[in-house]
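Some notes on the structure that comes next.
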Amino acid sequence: MRSTASILHLDMDAFFASVEQRDKPSLVGKAVIVGGVGGRGVVATASYEARKFGVHSAMAGSQARRLAPNAAFLSGRFESYRESSKVVMATLRELSPLVEPLSLDEAFVDLEAGDVDVENLDALQQVAVELRARVAERTEGLSCSVGIGSSKFMAKVASEMAKPQRGHTDQIALIAPGTEADTIAPLSARAIPGVGPVTAERLEKLGLRTIADVRAARESELVHELGHASGASLVALSRARDDRPVVASRIAKSISVEDTFEHDLTHREECRQIVERHAGLVCGRLKKSGQFARTVTLKAKMADFTVWSRSVTLTGATDSPERISQLAVRMLDSLDLREGVRLLGVGVSNFATSAQEELFVVDDEGRLLDEPEVTEEITPIQPGPFGRRRSFDGRNWPPGVDLIHDEYGRGWVWGSGHGIVTCRFEYRGSEIGRVKSVPQDDEALHPAHPLPLAWQPPQEDVPSE
């Protein structure tokens with residue numbers, strides 16, 4: 001266990017159900033259940049409104065329907081959940097390079113590895129406030145609970161304390177160093193990592209219901225009942241001793257910074273200033289990682305959603321802000337801005353662990369005397385990601401999936417059967433839409449991809465599929 005509260009745990013609130021409520025205005029404030037649609041289906045997530053009726057994850061769909069017959073049961077849209085998850089994880093990686101995702105909606109962050117004053121509790125509180133605000137903005141309305149503590153165990157306990165149903169209006173909780181043992185003492189033994197239903201039942205038979213009970217028990221008794229490894233671990237955790245490190249799931253192969261603009265940009269000087277600023281931020285992260293880059297990339301998304309990118313590969317490796325900025329601006333000079341730019345990004349890749357001398361030189365005015373290798377890629381964005389979906393079984397319309405009707409517009413499936421698809425024509429950011437039933441074989445009815453989020457994570461934060 002550390003002497004500072006330097007581990008953060010983020011947990012998205014009712015994640016799948018919250019994504020559905022965000023994207024379907026008519027479901028805001030209503031009981032929403034994701035999963036459990038089929039006769040033998042199981043609930044994946046229930047909104048807080050549905051939980052008031054006793055519905056919870058892993059419950060049989062049939063039981064959930066008995067408890068909340070008027071809830072909206074949706075089949076789930078993994079594409080939307082994955083996109084929002086990538087945005088959340090990318091936001092966490094801005095705090096620290098050490099992020100350990102546990103699932104799509106949950107992760108640990110080692111704040112000591114980032115640029116955070118972990119000695120200052122007020123500063124840590126502010127980090128959590130700003131993190132929640134950024135997540136809400138970038139996911140366009142999703143909420144999360146944040147816990148901070150001196151270990152993974154404490155951070156997880158803190159995030160549970162911060163949950164909306166616990167009464168924390170700011171959804172932030174911090175367990176100060178030195179208070180850990182007292183904080184966890186009254187909690188159920190089930191709060192200890194690794195204690196599931198079977199272990200909890202065995203502890204119950206020993207009369208050990210709370211963490212304080214476990215702490216007071218003889219270690220030999222626990223080892224005899226649970227085995228040496230489990231018993232010893234349980235004793236240590238009950239005493240708030242937890243040295244498990246935050247382990248990043250992967251090493252980033254590139255570092256980039258990009259912004260999407262509210263209005264398309266056409267002025268070259270404005271774009272140049274943005275590119276130079278991005279290059280400086282990228283270099284700051286590059287230096288923090290202790291690496292040097294050989295490839296610099298400039299990315300742009302045009303007003304028509306065409307994605308343009310250009311890369312320069314050096315014969316040496318550098319972490320110089322001036323050098324990387326110079327190359328990025330040089331590539332910007334070849335970009336036609338007349339149609340407008342909606343996104344600009346600067347990235348570096350092809351890492352080395354030491355600086356390497358370049359085999360070409362630059363004159364006093366910054367002109368390259370020997371050209372590095374340049375590659376260029378222009379990719380038209382197809383309508384698939386936000387328009388009609390190409391691969392979909394049109395004979396099957398699961399509740400909740402996205403659709404587009406040539407006459408009525410974008411919406412989602414409320415229900416289907418007997419050759420009829422009942423649709424609600426609304427989408428994220430729209431007014432509550434009207435409900436209309438159309439024939440299943442209506443040629444104007446098309447499956448659709450979900451609307452994309454405006455903020456997209458830098459390329460290194462998008463794992464390859």
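Numbering starts at 1 and runs along the chain as it is shown here.
Yeah, the Cβs are placed from backbone N, Cα and C, and that goes for glycine too.
Pulled from Swiss-Prot, these are the features on record:
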DOMAIN    7-196  domain 'UmuC'
BINDING   Asp11, Asp105  Mg(2+) binding site
SITE      Phe16  site 'Substrate discrimination'
ACT_SITE  Glu106  active site
REGION    438-465  region 'Disordered'
Neighbour count (Cβ, 10 Å) for Asp105 (Mg(2+) binding site): 23
Glu106 (active site): tally of other CB atoms within 10 A of its CB: 19
Once the chains shown are all counted, how many other Cβ atoms turn up within 10 Å of the Cβ of Phe16 (site 'Substrate discrimination')? 27
What is the total of other Cβ atoms whose distance to the Cβ of Asp11 (Mg(2+) binding site) is within 10 Å? 20
Mean of the pLDDT scores, which run from 0 to 100, over the domain 'UmuC' (7-196): 93
Pop the Cα-Cα gap between Phe16 (site 'Substrate discrimination') and Asp105 (Mg(2+) binding site) into the table, whole Å please. 9
Do me a favour and check the Cα-Cα span between Glu106 (active site) and Asp11 (Mg(2+) binding site); whole Å is fine. 5
